[in-house]
Amino acid sequence: MSKVLTSLPAGERVGIAFSGGLDTSVAVAWMREKGAVPCTYTADIGQYDEPDIDSVPGRAGAYGAELARLVDCRAALVEEGLAALTTGAFHIRSAGRSYFNTTPLGRAVTGTLLVRAMLEDDVQIWGDGSTYKGNDIERFYRYGLLANPSLRIYKPWLDAGFVAELGGRKEMSEWLQARDLPYRASTEKAYSTDANIWGATHEAKRLEHLDVGVELVEPIMGVRFWDPEVEIAPEDVSIGFEQGRPVSINGATFESAVDLVLEANAIGGRHGLGMSDQIENRIIEAKSRGIYEAPGMALLHAAYERLVNAIHNEDTVASYHNEGRRLGRLMYEGRWLDPQALMLRESLQRWVGNAVTGTVTLRLRRGEDYSILDTQGPAFSYHPDKLSMERTEDSAFGPVDRIGQLTMRNLDIADSRAKLEQYAGMGMVGSSQVSLIGALESGGAEAIASRGESSGDELLDRAAMESGTD
């Protein structure tokens, strides 16, 4: 049975995720006029595009909300973001820059905590401003039902009656003015913005066109680092981690993780760190484009991955990247709380994050231009003396050891040569490969694998094989 209502449930209480903007203000007033009982819930997620979040619930009453609540989600959102940082749950990357999944993180938190707040008020119907073409409609649907299995969904923008009457911003503003309802006129931007404490997303409108670049965006968490008239002085910053968790910035600790993230945002923001321009696949497989800000996450991520590389071996680092990308995709799809995501998340936090303790010092300049000045920690796998070209005492291995190691490689090199000879005989190896290694005449593999030793050695080898010794 469908959980989605396609028409207004008159006479029933409907919870609306209320931002105080034009869309949700009109939705509340329209539902009240048509006979529903709107109840508004505003999430405080540290959004940088709303400087006066405390005043938002008060505005809802003017539009007919029966009750209006502000739900503080900042601490929960910061914790989920730190989990994403520890697990590397970021799958969208382009030319070395990552999108840190800041919007999907926000949806996981608001999609559950707002519905739980509604449950406290016995509100069983939920609506929000997501549209049918985007990702959020599915994310909110999944998280809402996880938090309240009896939840029903009503979205004004899926109601043909609402869309027919109030199909655009012009119609919405005129509708409010005709009823003498307050309307905060705002300058029409060339793009839309959605933000929380971890980052900001800019998309749609002019940004849908790929002949428009990042310069169109006015950053809300940082500076226009591409503008030469913006002065940005170099700055050194040290980030301390304990068991995969950032605990200090420049040696200072903080009363809460929220305060630490705010400080990281301030430092990264004044250098324009963490802005990226991405083309991505939405959940419905259509491609979209977004320009993202995440100055604090980018700063913490740079320091964290430096420590990951210093502490863990190659296979562990590879698993961290591979499983982190899978986890990032699950989060993007609204599956951050699904069992398959929890399995990946717990494993990465336990076996990768828990070992990450240390301090990294970076010198920030403009945008992504930074240097790592120092990396310190108590349990590194990095030991420069192991590979030093200088003479060292008690070396881990010597020249003779390396000769033996290279000799053991003859087996797989011979296998590769044999396959190349086979492919050459089948006409599969082209001129580009031949130009590198020459003509592939038969017999090369045997020459590589041959030891060239005495007949006595051959007798020993034969005896070992016949006796089954491996």
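Each Cβ is built from the backbone N, Cα and C atoms, and glycine gets one as well.
Among Asp180, Asp194, Asp211, Asp227, only Asp194 appears in Swiss-Prot as part of the ATP site alongside Ala17, Phe18, Ser19, Gly20, Gly21, Leu22, Asp23, Thr24, Ser25, Ala43, Gly129, Thr131, Asp136.
For the L-citrulline site that Swiss-Prot gives as Tyr99, Asn135, Arg139, Ser192, Thr201, Glu203, the extra residue drawn from Glu12, Glu280, Glu285, Glu305 is Glu280. Per Swiss-Prot, the listed range annotated as region 'Disordered' is 448-470 (candidates: 356-378, 448-470). Counting only same-chain residues at least 6 apart in sequence, those with a Cβ under 8 Å from the Cβ of Asp136 (ATP binding site) are Thr103, Arg107, Asp128, Ser130.
The binding-site residues under consideration are Gly21, Gly129. Their Cβ neighbour counts within 10 Å are lowest for Gly21. Separation of the C-alpha atoms of Ala17 (ATP binding site) and Thr131 (L-aspartate binding site): 14 Å, rounded to the nearest whole number. In this structure, Ser192 is the one among the binding-site residues Ser19, Ser25, Ser192, Thr201 with the smallest number of other Cβ atoms inside 10 Å of its Cβ. Spatially close to Glu280 (L-citrulline binding site) yet at least six residues away along the chain are Ile92, Tyr99, Lys287, Ser288, Arg289, Gly290, judged by Cβ distances under 8 angstroms. Most buried of the binding-site residues Thr131, Asn135, judged by other Cβ atoms within 10 Å, is Asn135. Within the set of binding-site residues Asp23, Ser25, Gly129, the entry lying nearest in space to Asn135 (L-citrulline binding site) is Gly129 (CA atoms).
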